[in-house]
Amino acid sequence: MLNKLSRLLADAGISLTDHQKTLLVAYVDMLHKWNKAYNLTSVRDPNEMLVRHILDSIVVAPYLQGQRFIDVGTGPGLPGIPLAIVLPDAHFTLLDSLGKRVRFLRQVQHELKLENITPVQSRVEAYPSEPPFDGVISRAFASLNDMVSWCHHLPGEKGRFYALKGQLPGDEIASLPDNFSVESVEKLRVPQLEGERHLVIIKSNKV
């Protein structure tokens, strides 16, 4: 699996250390193992996880601004854990309301010795934002409207919302509340992944 990951990274133009690659493969191994009992993802094949979970997460890294991020509705740690591995100087709070997912995240944190993640079991609306975050990240979490409505209290003054989407969500962008606007839309290239992938970056229009 390490060789396949190395080939995917080379195809994507992403350079990682051997240690980072080893951690990513170890995470996939854990996800595959725990998935049998905990049903954490519909993807069953570890090689497919490399594309649909690992690469699909880390291609976002160049667009993130800041040091403190919160991954809302993280599920089994996506995209937060792969991003934490490739961005060791940033910190990621991994938020999910389901206890079984958070138990898995804590086990990953323990086994991979990831000091830059904080797994939290909470509903996003109830989670405090002190200190505020530089970025709020979501992948398959909610519509853009729901994301900014439920998470509006989390980013700081210059914080951003980063929403990973498939096809360009034109209707969702058009229905954003007036106090939020799209700063940019980035088309993402994920080797061996069928279909389009986009990153929608949203900012608050608060004066």
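Every residue gets a Cβ built from N, Cα and C, even glycine.
Features as listed in Swiss-Prot:
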BINDING   Gly73, Leu78, Val124, Glu125, Arg139  S-adenosyl-L-methionine binding site
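A helical conformation is recorded for Val124 (S-adenosyl-L-methionine binding site) in the three-state DSSP classification.
With the fewest other C-beta atoms within 10 Å around its C-beta, Glu125 stands out among the binding-site residues Leu78, Val124, Glu125.
The Cβ neighbour count for Gly73 (S-adenosyl-L-methionine binding site), using a 10 Å radius over every protein chain in view, is 22.
In the three-state DSSP classification, Gly73 (S-adenosyl-L-methionine binding site) falls within coil.
The Cβ neighbour count for Arg139 (S-adenosyl-L-methionine binding site), using a 10 Å radius and every protein chain shown, is 21.
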